[in-house]
Structures are given as C-alpha cells and as structure tokens.
Amino acid sequence: MGRYSVSPVPKCLLLMFLGWSGLKYYQVNAAQLREYHIAAQLEDWDYNPQPEELSRLSESDLTFKKIVYREYELDFKQEEPRDALSGLLGPTLRGEVGDSLIIYFKNFATQPVSIHPQSAVYNKWSEGSSYSDGTSDVERLDDAVPPGQSFKYVWNITAEIGPKKADPPCLTYAYYSHVNMVRDFNSGLIGALLICKEGSLNANGSQKFFNREYVLMFSVFDESKNWYRKPSLQYTINGFANGTLPDVQACAYDHISWHLIGMSSSPEIFSVHFNGQTLEQNHYKVSTINLVGGASVTADMSVSRTGKWLISSLVAKHLQAGMYGYLNIKDCGNPDTLTRKLSFRELMKIKNWEYFIAAEEITWDYAPEIPSSVDRRYKAQYLDNFSNFIGKKYKKAVFRQYEDGNFTKPTYAIWPKERGILGPVIKAKVRDTVTIVFKNLASRPYSIYVHGVSVSKDAEGAIYPSDPKENITHGKAVEPGQVYTYKWTVLDTDEPTVKDSECITKLYHSAVDMTRDIASGLIGPLLVCKHKALSVKGVQNKADVEQHAVFAVFDENKSWYLEDNIKKYCSNPSAVKKDDPKFYKSNVMYTLNGYASDRTEVLRFHQSEVVQWHLTSVGTVDEIVPVHLSGHTFLSKGKHQDILNLFPMSGESATVTMDNLGTWLLSSWGSCEMSNGMRLRFLDANYDDEDEGNEEEEEDDGDIFADIFIPSEVVKKKEEVPVNFVPDPESDALAKELGLIDDEGNPIIQPRREQTEDDEEQLMKASMLGLRSFKGSVAEEELKHTALALEEDAHASDPRIDSNSARNPDDIAGRYLRTINRGNKRRYYIAAEEVLWDYSPIGKSQVRSRAAKTTFKKAIFRSYLDDTFQTPSTGGEYEKHLGILGPIIRAEVDDVIEIQFKNLASRPYSLHAHGLLYEKSSEGRSYDDKSPELFKKDDAIMPNGTYTYVWQVPPRSGPTDNTEKCKSWAYYSGVNPEKDIHSGLIGPILICQKGMIDKYNRTIDIREFVLFFMVFDEEKSWYFPKSDKSTCEEKLIGVQSLHTFPAINGIPYQLQGLTMYKDENVHWHLLNMGGPKDIHVVNFHGQTFTEEGREDNQLGVLPLLPGTFASIKMKPSKIGTWLLETEVGENQERGMQALFTVIDKDCKLPMGLASGIIQDSQISASGHVGYWEPKLARLNNTGKYNAWSIIKKEHEHPWIQIDLQRQVVITGIQTQGTVQLLQHSYTVEYFVTYSEDGQNWITFKGRHSETQMHFEGNSDGTTVKENHIDPPIIARYIRLHPTKFYNRPTFRIELLGCEVEGCSVPLGMESGAIKNSEITASSYKKTWWSSWEPSLARLNLEGGTNAWQPEVNNKDQWLQIDLQHLTKITSIITQGATSMTTSMYVKTFSIHYTDDNSTWKPYLDVRTSMEKVFTGNINSDGHVKHFFKPPILSRFIRIIPKTWNQYIALRIELFGCEVF
C-alpha cells in the first residue's frame, strides 16, 4: 500500500468540501489534503520473472524497457517501498469525498508524459491531457511534462463525483498518461485511483469495512507500440504473465474488496473468475466479472474455503497465453462470521439434491435439419463436408443424466432435441446440498467444475495450468470407467441478492483441460436460487416457463477428438492441413444449445406467458455474444432491452413477456457466423380452448415449461428424420444393452400407457434437464421424445388479419390507439438516400501505408416534410451533432409511430426498430417467420418504392421511473443489418415520459445529445468496390485497415454542436450497433455522470457494448472545452473523440454594441436609408439619427451584420426601434443567420420545425425586446434579417454572450462583489468637496466623483485589485471619467501581477518578450476591452497608466474565473 502525507485542509476549502453528508454509519472525518510524490521512470521489466537462482543463469526473453509510475519520498531521492503484488502498476491513489489530492510529479523518463485521472474534479492545468481546448500555454504545462521537469497536479474529490448511496465504499478508476494513449499505456504508465465515501478510509488509506483490499489489472501489453518498441504481445495480471503473479493472500472468513481494472490499447474483454468463489458486484451475485479494456469495477468477496485458488480470465486466448494467478486462502483461526443461524422452518426446507451424471462419447450432428433459408455461404463453410472439410457431424463428449448410481438407465431414452448438447440442469437453493455422482464413460479423463457456488478443494474438479502431475487428485481428473462424487452446499454467501432474479444462471463443465474439454462438448447449465425460489419438485415458482439458451462456440480444432473426426468424415484425411485457415475456420462452430443453424421446428409459447430465459455464453470465444430478441424485450437487472450482451463463460437471467403474436427470432447480433449459427425461432401465439383447458387442469402441478406437445402423426413424421443423437459404433453396444436402440440401430419407442403418479417424477426430471413440457398433460412417449411442436400458423387465428383486404397503416395505428386510449399518432417521412460521405480530416496521428481515401459513397436516412418527398426537413442547431445519423424519432409512452418510408437509393432497404412493439408487417427484417405474403412486404423496399411502418410504444419501451426522462433505442435498415449499418443507414429513437415532447416534436426543458460510437468498415458497405478491398496479405499480417474509420456519429475528431451550460441537466443518449468486437468505453473529461434509471450508481466511464443503448445524465461542473473520447486507445487515436463546450450559465454579457467596444467598422448592412447607417445600430443610442433603418423593396431581403472578429458564444439578442418626429419605426419579426467565415451562412432554427426560427421583435420604437438564443450560437458573424416591420425595418441592437473559452465573467468591480477594501492605489486625489478614491474605479459608476484619480499624474501611479485567491484573469475593460467639463482617461497602460503582493511581474508581449503596453480609451465614457492571451493567473493585479488625456482617471472591470 502506497504511503502519502496527509495535511489538514485550510478552513475555506474545508467549508466548501463538507456539503455532503455521506452515509449515516460512516464516521465523518475532517477533509484532508492527501499528498503523493510520484515519478515516471525507466525500468527493465520481466513479464515472467524467474526464481533468483534461475534468473542468474540466463537472461529472460521477456525483459522489456518500460516507463512506470513509482512513489517517492519528498525529495525524489528515495523510492518508497512497494508491494511486490502491484507489479507494473503505479501507486494506488486514494481519496474520500471532501479530500484534495495533490500529486507532485517528476518525469525521470526520456519521453514527455503526464498524469490524467478517469474521475476527479480538476481545472484545465491539472487535467494532464493535451488537445485543442483553447487554453493558453501556461495552462498546458500539465499536458506533457518534459523529461527532467516537475509539475503539481491538484484533484478534488467532491460529493458530485463521489460514490452514491448504492455504490460500494470505494469506486475504482485508473490514472494514466494521456500524451499518447497508445504508446504511454503500452509503455506501462498506469495506476489505480480509488474514490471513496466520506469516513470510509483509515488513517493509512486502507478501507475500514474490509479485512483486505486488492487491485488487479488484467491487461494486454503490445510491446510493438511501446515507446521502446520490441515486438511482443503480453497477457498479464499486474504485469505478470504465465502465473508469475505473487500469490494473493487471504484468511478464511475474510471480507475482501477487489478493485479490478481492464486495460488494452485495442478493444479487449476479460471474464475474470476466481475458482471456487462467488462475488457481489453492484448488488448482484456473480461468479465472473465482466470487464472491458479501459474500464474498472469494484466487487467484494467473502471467503471461507481454504486452499490455493485460480484467478484467471476465462477468455480462451487469455487462458492459453497465461493470464492467471492464485488466491491463497489460509485458516488463520478466525471465527465463522458468514453463516447465519437458521430457524427451524428454514432448516426443514433444506433439500439434498442427488444427480447421477456420466460423460459419454457420441456423434453429434450440429444441423440435423437445415432449412432452405440458411445462408448458402455459411452452409458451404460450416455444414457441408466438401473440399475435404469435416462437415456438420463430429465425435463429441456430453454429460448425460442417469436414474441411479448403476448408470444403466438414462433419465431419457431418446436424446431430447430441445436440450441439444447440454448436460442436465442442476438446480439448488441456498443451504441445499448437491451431490453429483459422476461416472466417466468416455475414453479419456474428465471432471465436473461448477460456477457460482463456493466449493471445497475436493469438490472443485479443475486442473490448474501449473499443477504438477503428482498433485492431480482423483476429483480433478476422473479416469475412464471411474466414478467420483462431488458434493457441495450452497452457502449464504452464494445466495442471489435482493436485486437478482429468483434463480441466477451459471454453468458447469469439465475442467481437466478447460479449453479442450469444452470444445469436446462437456457443458451444462446450473441454477443457483433464492431460498424460496423453488418448489419441492425443483420448479421455479415465479415464472410460467423456463427456457435455457446456451450460446456456445465449439472450436473442434481444439477438441480431443479432432483426429478421429478427420479420419471419419474427411474424404482424404491424409491431405488435410490442420493449419489451413479455411479448414480451421470450418471447424469453429457457432451454436445455440449445440445447433449450428436454424431448425425447422419452432419453439412455442402461449400469449401472455412470462418466460424466464437462462442465457449463457460458453466456449472458445474471445468476443461478446450480443443476443437479440425480436418483437419482444428482455427484463434484466430492472431494465428492458432487446439485446443482452453475454461475456465468455458467464450467464444472465432475464424475463420475457409474450405480448406480440407471431413467429420471432432469438439470435446473436453481429458477425455472419454468429447470426447464422446462434439462432432459433419461437412462436408467440394463442391456442385453442382445449389446450387451455389442459393447462388449467394441471395448473397446480407447478410445471412451468413450454409446450412440446406433439400429435402422434407428427411423431411418426419425425421418425423419418435422422435423430441428432447418433451413438458411435463404439457406443452402440452400450445403447443396445440399455435398451435404447434395436439391432438395426433404430430408437426403441415405448408403448403408450396411462399417466401415473410416476409422471410427476418424470416431469421433475424434465425440469432438471431444462426440458419444455406441456403442463404435465403429455403422454410419456411424447415427453421422452421431447420433440418440438409443429408450429401453428400464428396468423391464422389472428383477428387483426384479413387476407382479402389490403393492409391499411392508418387502421393499424387506429386500432393501437383505441386499445390504449391515451396516446397520440406521430407521423414521420423518412427516405434512404445515397450521398458522398467524407471522413476527413484523417486525423492528427493517423498513419496509413498508402494514400488514404476518405470520401465514400454511402446511404443515409433523411427526413422530409410530407409524403411528396420533395422538401427535406433541414436540420437545425439541435441536429448539428447528429452527423451521419438519421432523424431522431421521438414519441411518448402509449403513442403510435407511423413512418412513411421511401427508398431513394439504388438497392433494397427497410426500417427495423429496436425496443418497440409492431406487427410482423412492420418488422422490416427478413427471416423465415411463416408470415403470409401480406406481412413480408416490409422486409425489403425496392428502389423508388414506398412503405408505411407502424410501431407502437408500450410502457416497457419507455423510462422505467420518474427520474428517467427519455430512453434511447435505434432503428436501421434490416435487409442485411451489418452491411446496411456500415453503409450508413441508422438513426436514434427516443421514447419519453408523457408530456415531455412539445408541439415541435422536441423534448421539453432538456439538453440532449445522441452519440453513435462506431468503427465504420467501408469494406462491409454495399458501395465498396471489391477491387479496393484489403489484400489477404494485409489482413494476415494485421495491417490496420485502410478503410476503417473509428468515429462518433460518423465524424472523426471534429463532431460539432456539443454545447451546454454549466450545472444544467444534460442527457446523453449513447448508441453502439457494431459487431461483437466493437467495444467502446466512453469518457467525458472533467465530468462524471449517472445512467438514467440507475441514478444510485456513480460513473466515471461507461462501457458501451454492442447493441447497447444507454441514456446517461450529467450536470457539467466545469466551464470550458472538454474532450469526449473512447478509452480504447487505438480507436481514440484514430478519431473516436470529440470536443464539447460547457458555457457559464451567466453567459449573457453585452458584447459591446452599446458600449462601443464593437467598432463602427465591424457593423455593416445590405443597405440603409439616408443617414440611418448600420454603425448607429447600438442599443439605447441617442441623437437625431440613432439607429439603422432601410426601406424594404419588393424581392429584397435586407440584413444588418456584426463582425465580432473572433468566435464567440451568442446567447441572446436585444433590439429596439427608434422614434423620430413622434413617428415610430421598428422591426416586428426577424430571423437570424450566422457564419464562421462570412461566406457560408447558417439560418438559426432553434426548437422550431420550420426552416428558420422567427423572433418576435418590437412593438414600439423605444422598448427593448430581449430574445433568448437556444441552443447558443458559436460564430464570428451575426446577421439579423427583418421580415415584418412597422414603417421601416429599423434596429438598435445589443448582442449577449461570452467568450468560447469560457472564464469570461465579470469578477466584481461593477457589481461590488470586489469590496472597497480590496481596491488600493499608489495614491488618490482629495479635494475639499470629494475624494477620487481607488474604490470608485468601478465600470459605469455614476455620480460627480465616479472614478479613481491619483494624487499626482505620473508614470509611478497604479491601481491594485486583490482578488483574495488565485484567479484566472482573461480580459479587462477600461473607462475614463468626466469632471465638470474635463474629459479624463488613460490612453495607454501596462499590467503587473503577483501572487504574494511582493514580487511583481509585468505582463509581456508574446512577440517581443517586453512589457506590453495596452491601448486605452479615446474618450471619457466609452469602453475599451483587451484580452489577455495568455491569461493571467494571479491573486493581485495592478494597472499602471503610461499616458493619459488631461488627468489619469480609471474605471475598470476585470473578467475571468476562479481557479477552483
């Protein structure tokens, strides 16, 4: 644990930080200054350290030159001692809410580096990140500290960024160097930052409520991208590879806090697993921590089982590469504090479950039935055995359940198709004991290892990578023909939490060699349940139906039986080249329950049933499996979503309500292999009264499995189809002996019999197997066959369909509205159009091997005003940031969305929506759903065709509670989702609470932005020429694609329109519809946020997984321009970043028309009448001619223009007319245009749906009318265009706003916020009737004595302001004064400043490095404004007059902001 010094906070800071009360049970400590002395230094690092005696013999090939953070004593001469476990990690920084962290940083390395935190409150000169944020050189010293230099970073831990009520005591973040994210990380510059609740830390910085805490970083270091390049890829924990991580120590009954960091410069996922243990993360019980590169998690664990346990990432390539270590739990004599005492009633409910499970070898057919709709390329690659491929049948090993320990009578005679390749379902609730008698009937050693429960070493069933042969016990590897009994109890610490589902989804598998055993087929599902979740039969109480779906990738190349399969199924086994990429790929099978293609049978559910899905990802997969449910949504962890992301070797439990008639698809979203292999269709249908009667009769039996009822004729038909379970010749003898097949190898079907009491036992076994039964009303032979029902035509009994009439979208919408009776119809006109899209600029650090093409033909969605599709709906300021995205489709809960879609592109496209409810005729996606032709016209709209989609917004599509305003989804073309999206056809859907959308179809009182994070791969676009695709050689050597563009909303680096006010509620809707490898971790510099609907959890970064739609809420606390980026370094470097600007909420300052700061030459117009020149258009101007005026002629469009000579923020406009000879002239209505360059003009649209917003003008010639500009305009040129007027178009104007860089508010001279005592001078003039004291030097002060005058007029005089604390001063306005008839003002002056009121420094001219002399006033009443570039950072400032008119007289205002 790192050491640091702690100092009390000054009283003023203490008062500022103590505003957060914290949790009641925390002892509130005084806020502290926690000081760290950290250096970046060179170090030779060995990823695979050898024992000392071996390391002397040979130099390791794994030694690399790294730059690392290390903690030092105060003088940076002596390094602080450190824990060997921390490895490459820098010291762990800790702070409680209310604390300030001061990091004294010194760079001992040879490269400029920095320190940047993922979460903290900091100003611009403590950010540690370099980008174009408009700051001055003095504020950029933190960005990159040169070698040999030092810098002091100051970070504050405020209540706004601290852990929320539901968070753990400390949240985990990372700090790292942000000079070059890719090279800095791969060089080793990273450490952990813990932000903790008030009162949660001990004096030494450790946590109070845990016995131990550990930081583990699972990381992939690419040494070829280190500053000191050396080709190598290292998979490590804390920088240790191949199990060389020092053992993590714990005692039995310890409570451990784990702070886990994932890191890689490329997209990476980690499935962190602690063998034999369970954890709690965000109030959910888990056995695997889902971690992505660039993000961190906090979890806790209570341990009780002693022994040495494996810590690893279960991603297949991580296991093979040696990413593992060990947790060593010892018996330290501690009492058992984890097991609670049970009542007598609870003791009586404890159950002992006994399973008899064997491992058997079979021939498995991955696709016993191949529908004609299967993609032909996929079929040729994976299912056919042409080209000397193995095909779709493989020898495998599976788990099979038996009736008893004799292992002679399987629980099912015929292999249940619905179960697929899975072993039997093992279920248990807390305190239950599970006994598994395992017999190995296979030809090699196997075992059973269970996830999600705490087990003892003798019940673990797993061999570790470093286990010597002599340590391999019988339970770890059960030899062929042997029997071993695994026994374990579900502990209190394993029980699902209050937030969890009744039963949480886990898995079991053989773990002799985990990768090869799973590849061979040995997997099964495990359910760990709450204490009241199961009936005595093992059936879940709170669900109508349970369904298991295991998304497994079987890499047959790693199976134990590869050689057997080559010999049996390849046409020429001796010619097979196992390292041939095509052959290898053909053996990687993407399956759902072991099936690698859709099946002809369709899973059946009853309308309104509540289905509990148990979803698991297993196998040789190194990417996320996104599971998409069409026409319905999952309810998981309190959130409705239609895509669930499964990490390798992890499971999710989700509830689905069957509320949408039709045949729908459950499939994996993403790659071609996944979407074709991992899929099944299911039927949501009403059944006849007879079925319903049967269901009611058996209601009390508690069986909750879906319908597999098969009429006898269907069974007979199925007998003609090859059964998927085909015994090997070696297994035939056993099958015959067991009476499972006859002499000819045909399955034996038992005769029909009357249902008996034994059926209940049979049904309980079906439950254990995860089978789907028809409420107990099925005959035994039908139950044992467990074939799926012949699907009914869901549309045949659908009263909505009349096949004799044409589809009428208005009737469909009307029916929806009549059903709900409280919604509105919202109509959109959207077209698909082809455009040329330019990704340029390529970027500041982009390197490409040949001339980079950045302009590509794409298709986009565009909104139109009506069904003629002649007039596009022009986007305004609110749409400026959307980039390539289609128009935002907004609706409220219970609304109906009607979209008339026209395909103006050259190939078929459609519209497919996520999260909404629709009939099959509005799905916009094509698959074999048994729909009538009438319902298939939506699948693909031909070029120039038109179709109307109707989508309903049920409550599940909208916000889950009152704190959430709107929920985000997406729509896209679903003809070929991958290619359509990469072509550009995608847009956002926002579903809001009732009353949140105004008449212009915009959300009320919400600042919202939609960001789509996507790596566009133009080679996957429909429009990419095949001749331009990357060569095979380029792909094989991993050359960065010339045609991929990481971007936000399709725009690398420079997304525009992200402007907001300080402290306002900003809602960000974040989308990721990329493939399984598209992992983005979103970070907003200088800000933290919460996820909508989950405000109890604080976030510093947000992992954005494939198919994710996340709505987050932020209250920006720091003004300025900030970076929004992905934490995945390689994508960030190539363009997945943007800038957002936070404007001061007081950004409504007069910009200088009335005061004269804006010169006459800066005001121009299309023309004027008489003497009414544009330079007169100044608010409250006086005189005979005091405004701009023009006579409007027919077909002329007059305007007046202000050139602000720099980019500024405009937030409001004040206008006046004029009166001459009692005649009023004024503008009644006008619109505004603006420009950055004076050539390209944009019409301000604001909230209006029309092409421009018409501002209400004046009603007479004297009254001032103020209009608010929202969103704010950032521009140099502003034009006002009068459209309606009285007498003549006439204007007197003032623009309101502030500087783009922010920090430009008045500091208090005019307002009086700066006290009189804080204003001093060298002297001041006294007369018998007045004193011209320094405290009078306030801008626009009125009165006879209204300025500062010195006693004498010479160059030694000065006016001084004490700002009381360090302040950033960005500009100054000076003004003279008039005494009697004497006009007095300062013509030139200089500026001096200091922090200590002792050593004064002159403000220098950056061009000459000499003292800068500023030009002052030219009259006594006008204003002159000067900007300090760079700004002044100081407490004291002096204005020193150099020349003056008549006498020295000053009135001033300073502008800037506080440092903190």
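Glycine too: its Cβ is placed from the backbone N, Cα and C atoms.
Among the features that Swiss-Prot reports, Ca(2+) 2 binding site is placed at Lys920, Phe935, Asp938, Asp939. Following the DSSP three-state reduction, the secondary structure of Asp938 (Ca(2+) 2 binding site) is coil. Applying an 8 A CB threshold to same-chain residues 6+ apart, the list for Asp938 (Ca(2+) 2 binding site) reads Ser910, Leu911, Lys920, Ser921, Ser922, Glu923, Gly924, Tyr947, Tyr949.
Residues annotated as disulfide bond in Swiss-Prot, with experimental evidence given as evidence: Cys170-Cys196 (among others). Residue density at Cys170 (disulfide bond): 25 other Cβ atoms are found within 10 A of its Cβ, drawing on all protein chains shown.
Annotation for Cys332 (disulfide bond): spatial neighbours Cys251, Ala252, criterion Cβ-Cβ under 8 Å with sequence separation of six or more. Under the heading disulfide bond, Swiss-Prot lists Cys251-Cys332 (among others), citing experimental evidence as support.
The disulfide bond annotation in Swiss-Prot covers Cys503-Cys529 (among others), and the record cites experimental evidence as its basis. All protein chains shown were included, and the count of other CB atoms within 10 Å of the CB of Cys529 (disulfide bond) stands at 23.
According to Swiss-Prot, the feature disulfide bond maps to Cys672-Cys1032 (among others). The DSSP secondary structure for Cys672 (disulfide bond) is helix.
Residues or ranges marked as disulfide bond by Swiss-Prot on the basis of experimental evidence: Cys966-Cys992 (among others). Close to Cys966 (disulfide bond) in the fold, though at least 6 residues off in sequence, lie Arg890, Gly958, Pro959, Leu990, Ile991, Cys992, Gln993, Met996, Thr1003, Ile1006, Glu1008, His1067, His1069, Glu1092, Ser1111, each with a CB less than 8 Å from its CB.
Spatially close to Cys1298 (disulfide bond) yet at least six residues away along the chain are Ile1143, Asp1144, Asp1146, Cys1147, Lys1148, Leu1149, Val1208, Val1209, Thr1211, Ser1304, Val1305, judged by Cβ distances under 8 angstroms. Annotation source Swiss-Prot lists disulfide bond at Cys1147-Cys1298 (among others).
According to Swiss-Prot, the feature disulfide bond maps to Cys1303-Cys1457 (among others), an assignment based on experimental evidence. Cys1303 (disulfide bond) counts 25 other C-beta atoms within 10 Å of its own C-beta, drawing on all protein chains shown.
Annotation comment: Swiss-Prot describes 32-330 as domain 'F5/8 type A 1'.
Summarising the annotation, Swiss-Prot assigns domain 'Plastocyanin-like 1' to 32-196.
Annotation source Swiss-Prot lists domain 'Plastocyanin-like 2' at 206-330.
Under the heading domain 'F5/8 type A 2', Swiss-Prot lists 351-685.
The annotation domain 'Plastocyanin-like 3' is assigned in Swiss-Prot to 351-529.
If you look up Swiss-Prot, you'll see 539-685 marked as domain 'Plastocyanin-like 4'.
Summarising the annotation, Swiss-Prot assigns domain 'F5/8 type A 3' to 824-1143.
Annotation comment: Swiss-Prot describes 824-992 as domain 'Plastocyanin-like 5'.
With pairs at least 6 apart in sequence, the domain 'F5/8 type C 1' (1147-1298) and the domain 'Plastocyanin-like 1' (32-196) have fewer than 3 Cβ pairs within the 8 Å limit; the two do not touch. Neighbour counts of Cβ atoms within 10 Å were compared across the disulfide-bonded residues Cys503, Cys672; the minimum falls on Cys672. Across the structure, Cys170 (disulfide bond) and Cys503 (disulfide bond) place their CA atoms 28 angstrom apart. In three-state terms derived from DSSP, Cys332 (disulfide bond) belongs to neither a helical nor a strand segment and is classed as coil. In this structure the alpha carbons, written CA, of Cys529 (disulfide bond) and Asn1397 (site 'Not glycosylated') are 70 Å apart. When Cβ atoms from all protein chains are considered, those within 10 Å of Cys992 (disulfide bond) total 23, not counting its own. Within the domain 'Plastocyanin-like 4' (539-685), the DSSP-based counts of helix, strand and coil residues read 26 helix, 69 strand, 52 coil. Listed in chain order, the extra residues whose Cβ falls within 8 Å of the Cβ center of the Ca(2+) 2 site residues Lys920, Phe935, Asp938, Asp939 are Glu919, Ser921, Ser922, Glu923, Gly924, Ser926, Asp929, Ser931, Lys936, Lys937. Distance between Cα atoms for Cys672 (disulfide bond) and Asp939 (Ca(2+) 2 binding site): 19 Å, as a whole number. Of the listed disulfide-bonded residues, namely Cys196, Cys251, Cys1147, Cys1457, the sparsest Cβ surroundings within 10 Å are found at Cys251.
Ranked by Cα separation from Asp939 (Ca(2+) 2 binding site), the recorded positions Cys196, Asn385, Cys503, Asn1397, Cys1457 are led by Asn385.
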